[in-house]
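Step one of this worksheet: look at the structure below.
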Amino acid sequence: QTKHMLLTDSGAHLFAQAMGIPETPGKKLITERSRERWRKNLEPDSNPEEFQKDLGTVGAVAIDSEGNVACATSTGGLSNKLIGRVGDTACIGSGGYADNRSGATSTTGHGESIMKVVLARLILYHMEQGMSPEMAADSALDYMKTRVGGLGGVIVVNNSGEWAARFSTKQMSWATVKDDQLHYGIYAGERHTKSVDEALASESEGF
C-alpha cells in the first residue's frame, strides 16, 4: 500500500491503524513467565545469555504448484535489549528472503550475527551459483561461524522443490511436507518420516 519497504515505531503504528489492523494493548503481551525472567536478570550474579536459551523463532518456507516461493519468520525476541533495537527478522535478506529465480529461506539464531553476514541472502546467492539447498545452507552457516562467531539455523527450499533444514546450534526443531510425506527432526543427523495421514491421525488421537 506504500512505496516503502519497511516502517517502524510510531510510523508503523499509524500506518497499521490506517489499514484497520486490530490493536493489542502492550500489557497483554507481558506474561508472568517473561516478568519472572526479567526479575532474575536483575540479580547481581545473573547471566543474561542463559535467559535466551528457551526463546524461539518460528519460520516457514514454501513453494506452490506454479513455482512461487515464499518465506515467513517470527522472532523469539531478545531480553534486556536497548530501546530501539531491531533484530534480523525485520531485515529483508537477514531473517528471511525469497526469490522465484532461486528459492526461499528463513533463519534463526543470534540476530546481530545473522545481520552482519546477511545470512538469508547469502544462502540464496550460493544457490544462484549452483549449490544445493543443503550445501548453500552449510556454507553460509560455516561462514557466519568463522567470520563473526555466530550460530544459527536455517530452512531452505529451492525453485524446484528441494529443501534443507540445517543448523550449527545443538538443536533445531524442524518439519517439512513433500509428496504427502512428513519429515521432521530436532538433533543433527536426525530425520524421521511418516505419511501426512498417519501424522494427522496421531494428532487427532492426542499423541
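Cβ atoms are placed via backbone N, Cα and C, with glycine included.
Noted in TrEMBL for the protein shown:
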type     : residues                                                   : note
ACT_SITE : Thr57                                                      : active site, nucleophile
BINDING  : Arg85, Val86, Gly87, Asp88, Thr108, Gly109, His110, Gly111 : substrate binding site
Ask   = Taking the Cβ of Asp88 (substrate binding site) as the centre, how many other Cβ atoms fall within a 10 Å radius?
value = 27
Ask   = Among the binding-site residues Val86, Gly87, Gly111, which residue has its Cβ surrounded by the fewest other Cβ atoms within 10 Å?
value = Val86
Ask   = Can you tell which of the recorded positions (Thr57, Thr108) has the fewest other C-beta atoms within 10 angstroms of its C-beta?
value = Thr57
Note = If you rank the binding-site residues Arg85, His110 by how many other Cβ atoms lie within 10 Å of their Cβ, the lowest count goes to Arg85
Task = Using C-alpha atoms only, work out the spacing between Asp88 (substrate binding site) and the residue listed as 'active site, nucleophile' and round it to an integer in Å.
result = 11
Message = If you pair up every Cα among Arg85, Val86, Gly87, Asp88, Thr108, Gly109, His110, Gly111, the residues annotated as binding substrate, what's the maximum separation in angstrom, rounded to an integer?
response = 17
Task = Taking only the Cα atoms, work out how far Arg85 (substrate binding site) lies from Thr57 (active site, nucleophile), in Å, as a whole number.
result = 17
Query = Who sits close to Gly109 (substrate binding site): which same-chain residues at least 6 apart have their Cβ under 8 Å from its Cβ?
reply = Thr57, Leu119, Met144, Gly150, Leu151, Gly152, Gly153, Ser168, Thr169
